[in-house]
Every structure is written in structure tokens, then in C-alpha cells.
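Let me begin by presenting the structure, written as C-alpha cells, before commenting on it.
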Amino acid sequence: MKNIWRNYRSSTLANRLTWMVGIVFVYMLGKYIPIATLPAAGIEAGAYKLDSALENLAMVTGGQFSTLNLFSLGLSPWMTGMILWRFLTLFKTIKGLTAQQSHRYRMLLMFVVALIQSIGVSSLSDYYQFSQFGDYSLPILRGITMVVMIAGSFVLMWLANVNGRKGLGGPSVIIVSNMILTFIINIIRYFSENRLGGLEFLLTIAVIALIASALIWITVVVYRAEYRIPIRRIMIISAFAESTYIPIRVTPAGGMPFMYAMTLMSLPPILISALLQIFPENPILKDLVGKVSISELLGILVYIFLLFILAIGFAYFNIDPTEVAENMQKSGDYIENVRPGEATRKYISFYLNRLALVGAIYTCLMGGVPLLLVWSQQGQISIALLINNIYIVTTLLLGIVEQVRILRSWREYDEII
């Protein structure tokens, strides 16, 4: 028993797995803590008045609008804040901030996003009536609901950061666990609502499994496909020096564009719904609230545009040719027949530009074509989003698997190091 405990404490992978499971447990616990200011009927029905497609968008961030709870906003405020902050860092004023100032402003930006989302979501729910508060009962209870949801989003961000430091997968684990749980619930709900015979039931299961397997296979193949730029490393004198290369994936951005595009697409309907509480008779807002949804043509086109921009942006975020070229020059590494420095940067950028464009087109096809087909047939948009969700879950799980593989490889060098 002592040996088992000693091995557990000395195993980095086992400790990280324990932290990951613990954080997922806390997250699942928070998902089932209802907000006390809302009756059960109000909790169940309120958010669906926005748009049923919003529930699918919220799922990607670990949130839930169909049932308001402590973590209803999910990681959406944090993810949206990161995108906006990345844009703001293009300005010289922001670049000159200290690390502490940057952190403070990022948290403020996240708070503003969470406030806007909580206003929109809380505005469409029913609340208890407390005679002690008189006419102020509704605004007080709604304010409490907003505070709880905002606090929950900050707690969830903290859990994601803790998992990044001590667990596995960082925020990806929260997103994956929520999406898998939602998949299971939706499948169970589908079969409970549709009484299928024995043969029909088996056929449906087979079709779902076949389609899901095909999508997962395509995702894995494309995710692992990469172009390799061979490099020479003067510090390595062995057979391994011949196989050293810079890998650039066919989809350099991975599943990040889908996650962040869905996060951004959930903002306009919520924001417009919040504005309708202030200007209930505004004809422009009434017209926009339906058109900006991802279930409408305008919303789908905006979503495809966001996918393209984010796919290009994340490709350069994951691989910076300038940084790679500088590091190679400092270490003495070089690409054969290419001069170090600026020429190396241009050489890497040449291939990255083309692969980023290929990845962006592939991302738009995977995300946009199913939505357009379903919209043209007036079908359920959630079916088209299922393809996006399978792609996201698969890429996130592959990232976690790679992290586990790295941790396991470290054990092979314990005695050497």
C-alpha cells in the first residue's frame, strides 16, 4: 500500500489526472446548483425564448442557457475578453502596460462582457415575487441573479486556470466534459421522445455511430496532417539531426476558430435582447433580434466570415515566423540553402500563409456548408452544429492526448536527468 501511495505521489501524470477529475467534478456540481431567485418553471423556460440555437453555442463555452445555474455563462466572458484584448494589443498604448496593469484591464474587460451577457439572459426569466420588496422585487432579484452568474463565470475561469497549472487540458477539459454530457443527454432525450421499434432503433444507432466515426476519422487525419520544413541543427551531431524539422499543420488553428466563432455568435442575440428591455418598441432591434441568429442566413454568413478570420489569426498566433526565425538564428539552426534571419522568416511565412489559407477554407467548409444546407431545407440547425461540435471535441481531446504523451515520455528520462 505504501508503495502504491509513493508511486502515486511521484507520478506527475497521476497527480494531474486527479486534479483534472476534481475540477471536472466541481464544475459538474456547479452546473446543477440552480439560482435561488428563479422558480423551477422560470429556470427551465426563460432562456429558450432567446433562440434554441443559443443553447448549442453556449455548450461550446461550458455554459448552459436552457437551465440557469451558477455556471450558465460558462467561459464565454473569458474567451470573448481574450479575443477583444488580443485586438487591443495592436495599439501602442496597450503594449506599454505592465503585466499587472494588463491583468487588471483583462479582468475588467471580462467583467463588462459577463455583465452584458447576464443582462440579456436574466431579462427573459421569471422570478419569485417578494412582497417585502414591493415594486423593487423584480429588479432586486434580477440583480442578484446577474451577480451570481457573473461570479460563476469568474469562478469557472479560475478553475480553468488551476487545471492549466496542475491538471490536464486547461479550459479544454471543462468544454469537452460539458459537450460530451450534452451529447449524451440529447441522444437519450431523442430516443425517449421518439418511440422506435427494435430494428429502427438499431438502424438509428448504426447511422449515428457511422456518421460520427467518419467525422472523427476525417478530423484526426486533417488535424495530424502537416508540412515539415527540414532544418539543420549544428548543436546536434547524430542521426537525429537529419530528422529535425519545423512542423506546420494543414490546419494550424485547429478547432479554436469554431470555439471562438460560436462564442462571438452568442453575443449579438443576447446584447439585442438586453437592449430590447430598454427600448422595447424599437423596430430596428425587433428586426435584428431574429436575423442575427446563427439559424438565419445573415447569421450563418457572419459565422463563416468569423471562422475565416479566426482561422487565419490563430494560425499566426500558434506559429510566429518572426519568433521562430529569431530563435533559430540565436541557436545557430538554419534551413538548408536559406540565409538566417529575414530570409528564414520569409521562407517560413511563405508556407504558413498558404497552409493558413488552406486551413481557413477547410474550416469554413466544415462549419459553413452544413449550416447552409440545413437552412436551405429549413431543418434543425442543431444537426448542422453537431458537425462543428464533433470537430471541436475531437481536436480538444487530441490536444489532451498529446499532453499525456509528453508527460509519459518525461518518465523515460527521470534517471538521466
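Glycine is no exception: its Cβ is also placed from the backbone N, Cα and C atoms.
All TrEMBL annotations are machine predictions without curation.
TrEMBL has this to say about the protein:
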- 68-88: transmembrane segment (TRANSMEM)
- 108-128: transmembrane segment (TRANSMEM)
- 140-160: transmembrane segment (TRANSMEM)
- 172-191: transmembrane segment (TRANSMEM)
- 203-223: transmembrane segment (TRANSMEM)
- 258-280: transmembrane segment (TRANSMEM)
- 300-319: transmembrane segment (TRANSMEM)
- 355-375: transmembrane segment (TRANSMEM)
- 381-401: transmembrane segment (TRANSMEM)
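Sequence-remote contacts of a segment are chain residues at least 6 beyond its ends whose Cβ falls under 8 Å from one of its Cβ atoms, and for the transmembrane segment (140-160) they are 23, 26-27, 30, 35, 37-38, 62, 68-78, 110-111, 114-115, 117-119, 121-123, 125, 127-128, 130, 133, 170-171, 174. Remote same-chain partners of the transmembrane segment (258-280), defined as residues 6 or more beyond its termini with a Cβ less than 8 Å from a stretch Cβ, comprise 50-51, 54, 56-58, 60-61, 76, 79-80, 83, 113, 116-117, 119-121, 123-124, 175, 286, 288-289, 292-294, 299, 302-303, 306-307, 310, 314, 363, 367, 388, 391-392.
By the count of Cβ pairs under 8 Å, the stretch nearest in packing to the transmembrane segment (68-88) among 108-128, 172-191, 300-319, 355-375, 381-401 is 108-128.
Beyond the ends of the transmembrane segment (355-375), by six or more residues, the same chain brings 222, 227, 248-253, 257-258, 261, 294-297, 300, 303-304, 307-308, 311-312, 315-316, 381, 383-385, 387-388, 391 to within a C-beta distance below 8 angstroms of the stretch.
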